[in-house]
Amino acid sequence: MSLYRTFTANDAVEYARQFGGVSQPQTLVAAEEIGDGNLNLVFKIKDETGVSRVIVKQALPYVRCVGESWPLTLDRARIEAETLLTHARFCPQHTVTVLYHDPELAVMVQEDLSDHRIWRSELVKGADYPQAAAQLGEYLAQTLFHTSDFHQHPHEKKAAVSQFTNPELCQITEDLFFTDPYIEHERNQFDAALTPDVQALRDDKALKLAVAGLKHGFLSKAEALLHGDIHSGSIFVAEGRLKAIDAEFGFYGPIGFDVGTAIGNLLLNYCGLPGLLAPREAAAGRERRLEDIRTLWQTFSARFLALSDNESRDPALAESGYAALFLQQVWRDAVGYCGTELIRRTIGLAHVADLDSIQETEARLACQRHAISLGRTLVLAAPHIADVDALLARVRQSGA
């Protein structure tokens, strides 16, 4: 019989007292439910002075924004905890610390990051964290290299692919990225004024063939242990610091998916800034986003190459020049997945504040159309966008 039960605030406090690693656990007295996501309960556990000390996160057996009609496996809580623990082995400075996890209760205790801010919220406000892009590139390089065939022993990797098999969460990604936006589906959400733009996507045979190729890669390329949902809403930032959270979509997949999703969220902000800020501030913010993209890719690729030079364990993959060739394919994949992120975040189920928080209707629609158009361009042109400079040139040419 399952021991699972949905936590109340009191349950969360008691659990944190037992497993939060706090020196005086009896000082933990209150829980504040802060979860604004779709899949989990999240509690801040506070002491007698009102200071939040640890986080208790519990997976729900259904998609929260839909309800019990969309059930979900609780095993995703184990996968999230084990993904974060694995990533923390290789990049502890940029991975949230897991203090304890219990697969049966689908619950995890994490370090409190109240002194950090969600990166997306900061980007929407126009706040700049100039170190964040390089730190995200470092996180991606360390976690993806060390769980790839370059570094991981083949026997260990094959076992890990099984350990992190995540079919239900992958199904969500497969549907939301590669299927729903290109068909009529009840999960899709967009303003009626965008109907002609959406229909044009659905009628675009070349686009749908390119998306099919990206989906096929997502299904078949077990290249490394991905975060699986690495957008600006799953990243905490503070001055000089960055931490990745929310890894329940973790699985072994194409490295370009994580890289492309990260770049895509910077481009979503780029598309939204003219509707969020005054013209001069928006223009300056856009230049910072493009520089963030350049920094992210250059940091990721340089670190991945350095790691491959020094830590590759497979003698064939360690051949001089091979890692650079491999990264060319990662780059092409990343540009394509970036495009699908732009499209699905604009017309699919899970939208972003970078676009949806724009108050003026015509400005919001213009920014959304830009995201759709740019996403289409990147999916189609990915094989021909040779490097990050070419990508930034395409973005600048995209107008709006």
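Note that Cβ sites are derived from N, Cα and C of the backbone, with glycine treated the same way.
Noted in Swiss-Prot for the protein shown:
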BINDING   N40, K57, E111, D112, L113, D246, A247, E248  ATP binding site
BINDING   D229, R344  substrate binding site
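Taking the Cα atom of each, D246 (ATP binding site) and D229 (substrate binding site) are about 8 angstrom apart.
In this view, the densest Cβ surroundings among the binding-site residues E111, D112, E248 belong to E248, judged by other Cβ atoms lying within 10 Å. Here D229 (substrate binding site) is compared against the binding-site residues K57, D112, L113, E248, and the shortest C-alpha distance is to E248. Taking a C-beta cut-off of under 8 angstroms and a sequence separation of 6 or more, A247 (ATP binding site) has the following same-chain neighbours: I79, E80, T83, L84, H87, H227, G228, D229, S234. Counting other CB atoms no more than 10 Å from each candidate's CB, the binding-site residues K57, R344 peak at K57. In this view, L113 (ATP binding site) is surrounded by 18 other Cβ atoms within 10 Å of its Cβ, with every protein chain counted. Distance noted between the C-alpha atoms of L113 (ATP binding site) and R344 (substrate binding site) is 29 Å.
Using Cα positions, the member of the binding-site residues N40, K57, E111, D112, E248 nearest to R344 (substrate binding site) is identified as E248.
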